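Enquirer: The following feature annotations were taken from TrEMBL:
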ACT_SITE  CYS321  active site, thioimidate intermediate
ACT_SITE  ARG417  active site, proton acceptor
BINDING   ASP264, SER265, SER266, GLY314, MET315, GLY316  NAD(+) binding site
BINDING   GLY316, GLY318, CYS321  K(+) binding site
BINDING   SER319, ASP354, GLY355, GLY356, GLY377, GLY378, TYR401, ARG402, GLY403, MET404, GLY405, GLN429  IMP binding site
DOMAIN    23-492  domain 'IMP dehydrogenase/GMP reductase'
Amino acid sequence: MTVTVELDDGYAAEKLFNQGFSYTYDDVIFLPHYIDFPADAVSLSTYLSRNVPLSIPCVSSPMDTVTESYMAAAMAALGGIGIIHSNMPPSHQADMVRSAKSRRVPILSNPAFKSPDSRILDQFDDDSLPCVLVTESGTAKSKLLGYVLKSDWMSLSDKDAKLVDYMRTADSKICVPWSYDLAQIDAYFRKEERDFVLLEEGGEVLDVITRQEVERVKGYPKLGKGTVGSDGKWMVGAAIGTRESDKERLEHLVKAGVNAVVLDSSQGNSIYQIEMINYIKRKYPELDVIGGNVVTMNQAQNLIKAGADGLRVGMGSGSICTTQEVCAVGRGQATAVYKVSSIAAQSDVPVIADGGISNSGHIVKALTLGASTVMMGGFLAGSTEAPGTYEYKDGYRIKKYRGMGSLEAMTKGSDQRYLGDTAKLKIAQGVVGAVADKGSVLRLLPYTMQAVKQGFQDLGASSLQSAHDLLRSKTLRLEVRTGAAQVEGGVHGLFSYEKKAF
């Protein structure tokens, strides 16, 4: 007698996420499917929002220890996008958007400008600065007259001398157009045998590019076209709040050419955010606006009806966020991403999985559960491109990483993100910490994306859309992992091991 065994492994996502449990990424595991293509055939192209396409599903978080001009430029160069934080004056944030957009190489410095009659003070304390630029008014927007090399200044007997007395006159070959890419700048260095060049646009010096920095970037995986908008410049996003003053901030950002704005709130389902979405879509109908944060289908539906072009999902799942502990609200990130993505897909609204990303496996899970992109804070903090300076502690090279709900960040203005800017007593929903040096995101993210491609291959999904289709058709199955299964799924049973990612 032949007994037929029903081949019913695991659970469909619809069943698993409707049992009343709040699951994190580590709580669930996908069962492998069928492979009929190589890992390199996997396409990770996607959308940040309705009208902002990306080559890779990576977004850097609008946190003041994660995304400023340097990170935004690097993310765009890799095919992702950076969202510049709003914990600064509107004009400063707009300048950062311009800075990231006005170049085609992921190299940023902080050029120092001086007038001819001024003197060098502490400018050369920055070891990465090859020279001080001399312009008519001492600003970037005035005519370039010359430059002072650090070596020239160091050899002076009279350090109080005016720059005009010993500066080198700028010649025509010291400047190259802002639109030069890495290969063009590298070729120019070889031809002219210079140690640095100036990026220029419309007579304004944008940045100083050194041969050393070009050689550094050449050592990373080859960069593609990057995330380029219709204006031929890199795409950059920025965060704003929902207060009346943020309308002025928005105007600054639009003039700077921002490609998308993120309404930055820990709880986005509010009258304040809905009114701001309505305002933006009326005044700037071509600008994509991303709402959030949300974790439920009802929250998502309200923002979709208001006109949001994308949704940011996550509440209390970040490594430095304490919202779930302090306020007793939130949701496990795996459940939140699946639930919100299910409703957002009906309106073709892309979802950003924000928070809880610690490794490439978490990215695979977030994207397969319905997200179009993942937003990363702690994963990118501590990198070369993240704001801040490196310090040493107990033999480790570290950078500060803080939650925007920490009291330290709130004093800079992020309290309105938690609707606490008018409160007399501020309640922290985040902490201040430090993360180890991760090197450059120009190396970290290509390595990570290759691992994500291998994960998609194991799932039998050749693209994000393919993964979403397999999940919704119930072809892909999941299971909940016990605590012991999670231990078994990681490195275990060793006295010691070497952890080397790349």
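Even glycines carry a Cβ here, placed using N, Cα and C.
Just so you know, TrEMBL annotations are computer predictions that nobody has curated.
Where in this structure would I find these features, and how exposed are they?
Expert: Within 10 Å of the Cβ of CYS321 (active site, thioimidate intermediate) there are 25 other Cβ atoms, across all protein chains.
Take the CB of MET315 (NAD(+) binding site) and look out to 10 A: across all protein chains shown you find 26 other CB atoms.
GLY355 (IMP binding site): 28 other CB atoms within 10 A of its CB, across all protein chains.
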Enquirer: Write down the Cα-Cα distance for GLY377 (IMP binding site) and MET315 (NAD(+) binding site), rounded and given in Å.
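Expert: Approximately 14 Å lies between the Cα of MET315 (NAD(+) binding site) and that of GLY377 (IMP binding site).
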Enquirer: Tally every other Cβ atom lying within 10 Å of the Cβ atom of TYR401 (IMP binding site).
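Expert: There are 22 such Cβ atoms around TYR401 (IMP binding site).
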Enquirer: Can you count the other CB atoms that lie within 10 A of the CB of GLY316 (NAD(+) binding site)?
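Expert: Here the count is 26.
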Enquirer: Just counting, how many other CB atoms are there within 10 A of the CB of SER266 (NAD(+) binding site)?
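Expert: By my count, 23.
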Enquirer: Tell me the Cβ neighbour count for ASP264 (NAD(+) binding site), meaning other Cβ atoms within 10 Å of its Cβ, over all protein chains shown.
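Expert: Other Cβ atoms found within 10 Å: 28.
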Enquirer: Sort the recorded positions CYS321, GLY355, GLY377 by C-alpha distance from GLY314 (NAD(+) binding site) and give me just the closest.
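Expert: The answer is GLY355.
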